[in-house]
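**Student:** The motif ''HIGH' region' feature in Swiss-Prot is assigned to 122-132.
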């Protein structure tokens, strides 16, 4: 149920009947304050100006054509021409019933699209670090939301599995007796990478062999391809452990690494030359883009093939976008890549559009994100100044959560404690990130993220268990409750019901903007409204059974909405805390 969309269409039709153009925007928004109703239509200002009318005069005319019978109990004009809409309690009650009768809580499915989501993208032969956290969990929350809305989502894990470093790694692997490679763990590979690089820098004979191996690998020699595959397999097996711990939905089947696009690169360079988009410049092949200027104010040159014949990331990203449209048949492509890559992507996509590889009707969207910072406001590092491994971060989260849970539940059985600590610890790390606007940097703070107050995972998980506890105390028969009517008489009942029915609107924003923090804010607000409702509207000690059952149904929909909302974020819920 998308009340905002329903009201938008009703107000738009009334505006047209009042003389507004057919493409007018009613600008229906959820009201910020209860005294302004549940929704507010703010579109009169812009339209009245075009019509040469006072906004309030237009609003009055719109009201004469606006039929919200059975939807709103009151509609009023406020200020210079805002239209405040107060939803009818009977309308709210009816749609709460409908939401409870649906597995999807009444959420409709929009027109199905094929959406490619590019996220996570770790490098082969390196362990995942905290820099991979944001892309991985924000991208996964977007994927979960889009899939819930019924879209066909293709996860694209664009791993760094190609490049000149593989000659060096294969040469070192060979030197270390390659037959043991399959048993190596990634922790070994971290040191393995450093040792290989050290030898490459210090031993010219080794470096020469590594350079030859790159050529053989790139020419498709089966022995070197097999060695390369071992490195990829070891890395992705280890990364899968991290993905599973993080409760993200990526698997090995979602890997679409840089190597996938290699066969396309010569053809793309040749095609861009044939189209007159790419030219030779100082031995390299370059595309000059008018949209980007260099320091002299001239069109910026983007190299797509180096003087030595090598290709660049831009060339790969051009091929990647082309593949996603032509082969995967994407209607929309989302890239969860940090903000530092923005200009690079914009340049690659400008070339893609000019070449006609992806039509303008297919959006290529950079859902960029800021950095994770330490308490000092600098990039998050170990005490020694090194990069924090993601596995180490999750280990610490689990250990801190274990202590926290044991402190609050000293008699809890060990296996139950471990399960709860995992849900709280991993949930806390994810939620702390997801609850911040992805476009900004944020401070990583253990104390804040593990607090049981405020917009945190532990608070949200506790809020869910608190609602469930009402049902345990009620000892209610599910069938009996299902048949009971919902009655909304109190203001707090109406406020909670209206917020519950805004779940679909929240999902729609997350799907459109790729902003999971909007869902976090919604769920936090919902938990707060339930708390006020619970305090002021007695459930178990209600004046009669009809009111008791009605309030239990509001509590039931709250629990279902919290659980489903947290699930779209990849946050685990628990039955007891």
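Heads up, the Cβ atoms here are built off N, Cα and C, so glycines get one too.
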**Student:** To what whole number does the mean pLDDT across the motif ''HIGH' region' (122-132) round?
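**Tutor:** Looking only at the motif ''HIGH' region' (122-132), pLDDT averages out to 90.
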**Student:** Six or more residues out from either end of the motif ''HIGH' region' (122-132), which same-chain residues have a Cβ under 8 Å from its Cβ atoms?
**Tutor:** 159-161, 165-166, 169, 186-187, 189-190, 192-193, 231-232, 234-236, 238-239, 242, 257, 338, 372, 380, 387-391, 393, 444
**Student:** Can you count helix, strand and coil residues in the motif ''HIGH' region' (122-132) using DSSP?
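**Tutor:** Here the numbers are 3 helix, 2 strand, 6 coil.
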